[in-house]
Ligand SMILES: Nc1ncnc2c1ncn2[C@@H]1O[C@H](COP(=O)(O)OP(=O)(O)O)[C@@H](O)[C@H]1O
Ligand SMILES: N[C@@H](CCC(=O)OP(=O)(O)O)C(=O)O
C-alpha cells in the first residue's frame, strides 16, 4: 500500500473542505491537499482531482434563497464552479483543466471512452484534471448525484491505483460519531457487505455535504472491484497526507479485490445503468446468460421500459433474480414485436439475420459476483 508504488491516484475533496462556511472558497484546508498533490507528482504519481464545492461556494451569492430550489442550486453551482476552479488553480504552478461530467456522459460507452482519452491526454501533458459533476445541466435522470460515486467512476476510467476520499471525518465508524459518542472507527475493511452499509448514515442535515458515508461506501465498492485501493481520510488535517506519503493508513482502508473485473465488465456493472429490463423464463440457464447468443426471443416473457439500440438493459427472471447487464442490439419496440410473435420460425429467422439481442462485447454477468 506504500505510496511510491502508485502510478495514478484520484483524490476526491468534499464541499466542507472547499467552502467550510459557505462564504465562497477558502484555501485554508486546500493548502495541505495541494501540497500532497504536488508531492505525489514529484514522486512520479499522476493525480486526478475530483472536487466538490461549487454549490457551497456559490451559495453566498444567493442570499435569502432556498438551496432546496433546484434551479437556484444549479445557479449556485454555475457561479461557485468558477471560483472553486480559480482557487485550486492559484495553488499550483502547473496547469489544471476543468472536466464537468454527468452520468449521461459516463454511461454512454462512446462518451466514456472519449472521457478516458481526455484524462490520459491531460495526464500525459502534466496537466491536473479537476473533475466535478456538471450540476448546471443535470436532472434526476442524468446525474450521478454525488461526487463520491463520481470519483469512483473517474478512478475506474483513469485506471487509478488508489482513490483517496478526503472528508470532514477521520474515516468510517461503526455508527455515525456525530450521533453516538461510543462510535468506533474501522481501520480496514476487507469485504463490503450489508453490515458495512448498515454502519453508514447520510450527510448531516443542513450541512454542506451531499452523500454522507453511504455514498462513500458505494464508491469504495465500485473502486475495490476494479482493484483500486480506497481510503476515506480526514482532509482537515495535514497529518493524513503525511501519513499517506509515508505509506501509512490515516483513515479507513478498503482492500482492493485480488482479481479485479475487466475494464469493460466493470463499466457495464458499475457505471452504466439499465434503461430497461428483459424478463426471461424461470428455467433460463443463468450460467449461460453471459453468453450473448443464449438470449433469444423465445426465452423472453416481457420487455419493460423504453430503450434504444445501444442502451444498457438488465436481463432478469420473473422472481427478480438479476442475471446480466448488457448492451442491447435491439430497441424495446423491436424486441417487444419479436418476442410477441406467435410464429417462432419468423422470430428465429429475424434474429439469424439481425444478430444476437444482446452484445457479447458489452456484458456483465451479475450472478457470478
Ligand atoms: N458510520 C459513519 N462514519 C462516519 N461518518 C458518518 C457515518 N454515518 C454518517 N456519517 C456522516 O457522514 C459525514 C461525511 O459525509 P459528507 O457530509 O457527505 O461529507 P463530504 O462533503 O466529505 O462528502 C460525516 O461528517 C458524518 O456526519
Ligand atoms: N457537485 C456538487 C458536489 C456534490 C457532492 O457530492 O458534495 P460532497 O458530498 O461534499 O462531496 C458541487 O460541486 O457542489
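Heads up, the Cβ atoms here are built off N, Cα and C, so glycines get one too.
Record check, TrEMBL: ATP site residues include 167, 168, 210, 211, 212, 213, 214, 215, 216, and the candidate from 12, 353 also listed there is 12.
Of the residues 135, 161, TrEMBL puts just one in the substrate site with 52, 147: 135. Look at residue 213 (ATP binding site): DSSP puts it in a helix. In this model, the domain 'Aspartate/glutamate/uridylate kinase' (7-234) carries an average pLDDT of 94.
Of all the binding-site residues listed (12, 215), 12 sits in the most crowded Cβ setting, with the most other Cβ atoms within 10 Å. All protein chains shown were included, and the count of other CB atoms within 10 Å of the CB of residue 52 (substrate binding site) stands at 29.
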